[in-house]
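Have a look at this one before I ask anything.
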C-alpha cells in the first residue's frame, strides 16, 4: 500500500497507515537469544513462581526416570526430556500443579568401568582389592566424584533445552538419604518373606564378572556352534529301545558337561528310526537306531548326511518318561556315571531341533524349572537332584565338568573360548556326535560390554514372584508379587494402550527378580545372613539392626557398610552370633525402581511434592512415568515390582512411552555410520526451540527420525509460525484494549474467526490432555498458516492498515487478533518455550512475567455459531474459484495484483446466490470490485470441478488507482481535498490530520 512518488512534493501516506510495528525480529537468532531467556527464568525463580501460583490445585507429578550420570546427552535424551517438559508445562496450563523434579541414576557398572579404565588400566595400575575396606571405600569415592561431574554436565545440557524443573534440588540415587531409603526398601522385602538367596542360573557377564538382569542385556546377531548328540538308552534294557539313542540338538555344546536330563513333550509324535545307509566316514553310522520327533526326523538325517533311513515304529510319548539314558560323556576322566532321565516339559516343541531338549539345570531357566519341579521324584528314583556348578565367574569350566576343567566358554575380552571344541572332540571320540553345524541367531549380550553373556548357576539374591507376601507377618494365599503387579497393570493408564499388553506379558512370564551384583559401586544388600549349607541363607530380621544401618546410611552414605568394623557396629549386641555380612550390591534397577520412595514420599527433601494423594488412594493427584518403550522391561518394570512388593500397588497412574530415534533413512544411529545427530550442535546452529518443535511434530509413540533434511523442514515450519506471531504482534501495536469490540457488534468475518478459535481451542485442549502433541503442532500450523495468514489476515490487511482510526471494523479485527494472539502464544508455550516467552513479554508486558505462568484459555464455546460457519463454507468455496481464476490471469500477465481485477461470478444455484447476498466479495477475494450474476456462465469462464454451479470471468477493474490503498475504484478523485485517494481513504486522512499527522 501507498507508493512513493518520484515527485518529492507528493504526499507521504505511509505515516497514515497502521502498518505492523514490533521489536519481535523476523530472524529468530535463537542460539543467542535463548540463553538470555534461561537466565531470566532463573532470576525470577520461575519454578518457584509456578509452584506458588498453582498452590491448591490437583497435582500432576511427572516422576523423572533417571538418566545415567555418564557422558554428555544424546538425541534420545533430548527427545525424552523435551517430551517430559511438554507434559509438565501443558498440564500446568490445563490447571494442575505440575511438578518436575529431575533425577539421576548414579550407581552401577558403567561408572565402575570408566573409573577402572581411566584411573587404573590406562595407567598400568592394579584395580583395588575390594576385600580391603579402605580400598573399597576409596574406590567408591572415585565413582561418586565421576557421577557427580557428569550429573552437573548433563544438568546444564538439559536446562539448555528449555526444561523447567527444580534443578537446584534434583534427586540422585547416590545421595545419602536415597541410599538409606533404598536399603529400607530392601529390608521390607526381607521382612515380608520375598527376599531370599538361592542358587539359580542367571545371565552372567564374564567380561564384567557379574550377574545381569534382563533389562541389562541386548539381543544381537551371534553365530553359535550347533551339535546333534546321541544319548544311549540304558532303560528299558531289553526290547526295541535297548539299542537306541535319544538325539538332542543344542547351540551351546559347552553346557553338555552340565547335562542332567532330557526333556520331551507328550504332545509331540515320536518315532524309532534306523539308519540304513550313510557314508563310511560319517559320524552317523549305518545301523544307528535313533529316537526323534517324526516331524523333524527328515531334517535331522539331512544335517547328519544320512543317505537312507527307515522308520521302525511310532513311540508313544506317554512311555518316554520311563526311559533313562547314559550321559554321552560317560567315562571321561572317570565322570558322568549318572543316569540321565527323560522329563515331560511344556517348553518342548517340534519347531526345530529333534523334539528333545538337552537339559542342564545350571544353565537355563526352563532347564532349572523342570529339574527342580521333578527333584523330589528323582531322589525317590535314586537320581541325585543336586545341580552342579560347571562354570565359574571367569567363564571357565570347573572340576565339576570332568575332563574340561579350565576350558573357557568366553575369555576375559568376551571372545569365544576353547570349551566348545573340547566338548565336541570328546563327543566324537565316544561316537556320540551325530552332526554339527553353525547357526546365526539372536543371542543376549551385555548392554555395556557388548559381549555375549552366559547362563550359569550361581548363588544370588532374589525377590520371589510367586511366594505369598507376609505383610505384618501374615501371608494371604495367592497374594504374590506377580498377582499384585498384574492387578496394578490393569488399573494403570498406558499411553499408547499397547504398552499394557507388552508389560503384562513380561510380568506374567518373568522369573524371580535377581537383585544381586558382584560389584563395588552401588547400594549394598545390607542384610546379615546365617548360612544353611545348601546355598540358601536365613536373613536376620531385626528392627534395631535395620535402624542402625539406615541411620548410618542417612548420615554417612552406604560407604558405612564397607568401613572397618561395620559388622560389629550394625549387629550391636548380636555381633557374637553367627551372622555374616553380605558383600553383594543391589541391581541398579532396584535403585531406580525405589525412586518413588525417596522422591514422591520424602517431603523433607522435596517439599514441592508434599501431601501427594493419588487417585488410587482416594485423592485427586496423578503420577506419570514417561520413558522409552524399552523401559517396559526396565524402569517401569522394576518400579512396578518394587512398589507392589512394598505398597501393594503401582507407583504410577499413567505410563507414557516413546520410541527410539533413528536417522532420516530409518537406520539406527551409530558413530561408525556417521549418522548421529548431536543435540548440542542443533542448539548451537538453530536453537533449542527447533529441537522442541521436531519432538512435538513427530509421532513419539513410534520410532522417530531426524537428520539434516528433517531439521530443514522443521526450521521452515518454525519460520512460518514465527512470522505469523510477528505479524500479530506488529498489528496489535495499534490496539487499545479499551476499544475492544463486543462479540455481538462484530462483522460476520470476525464472528466466524471466533467460531474457528472455539473449535481450535477444544481441539488443542483435548490433544494436550491426551498427550497428543503431534495433533497440537499439526493443527496449530494449519490454523495459523491456512485459516489465519492465508485467509483472515490476508482479507483484513486492507481494513487494518487503511481504515480510519475510528473504524469499528478495524477495532473489531484487532479485538479478534488480540484473542488469537493470546490463545496461540499460550497454546504454543509448551512446545516453543523460548519463542513464546520472547513474544509474550512484548505482547503483554503488563501481565504475568512469563507465559508459562498462565493457563490455557478457557472454553470459547460462547463464540460458536455452526450456521455461520456453514454459510462461510459456501463463501470460501466461491472464493477458491475466484482465486483460481486470478492465478491464471496473473500467470498470463493480464493482471499483476489482484486489486487490478473485477471478477464476475456466475452462480447457477439460487440458494447459493442468497448466501452471497450480503457478503462483500471484493473484500473477501481482495479485488477492487466484484459482480455476482445469476445463471449459467459463458463457455470460457473459469470453473473448479469440486465447486459445482460457480464460474468466474475476470475483467480489469474500472477506475483510478488509490494512491494510499492501491485499490482501483471509480470513486477515486471524488474528494476535492484528497483527489488521489478513495473516499474511505480521504476520511482516514482527515482523521489523521485531526490527530496532528499531516501528509
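Counting starts with 1 at the first residue shown.
For all residues, glycine too, the Cβ spot is worked out from N, Cα and C.
This is the feature table in Swiss-Prot:
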BINDING   627  L-isoleucyl-5'-AMP binding site
BINDING   671  ATP binding site
MOTIF     67-77  motif ''HIGH' region'
MOTIF     668-672  motif ''KMSKS' region'
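Distances, neighbours, how buried they are, the whole picture for these features please.
Secondary structure at residue 627 (L-isoleucyl-5'-AMP binding site), taken from DSSP and collapsed to helix, strand or coil, is strand. Spatially close to residue 627 (L-isoleucyl-5'-AMP binding site) yet at least six residues away along the chain are 65, 80, 634, 635, 636, 657, 658, judged by Cβ distances under 8 angstroms.
Annotation for residue 671 (ATP binding site): no same-chain Cβ neighbours under 8 Å separated by at least 6 residues are found.
Through the fold, the motif ''HIGH' region' (67-77) approaches residues 104-106, 108, 110-111, 114, 146-148, 150-151, 153-154, 157-158, 172, 628, 660-661, 669, 676-680, 706 of its own chain, all at least 6 residues removed from its boundaries and within a Cβ separation under 8 Å.
Within its own chain, the motif ''KMSKS' region' (668-672) has Cβ neighbours under 8 Å at 75, 660-662, counting only residues six or more beyond its boundaries.
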For the motif ''HIGH' region' (67-77), would you mind checking the mean pLDDT of the predicted model?
94
For the motif ''HIGH' region' (67-77), give the DSSP counts of helix residues, strand residues and coil residues.
3 helix, 1 strand, 7 coil
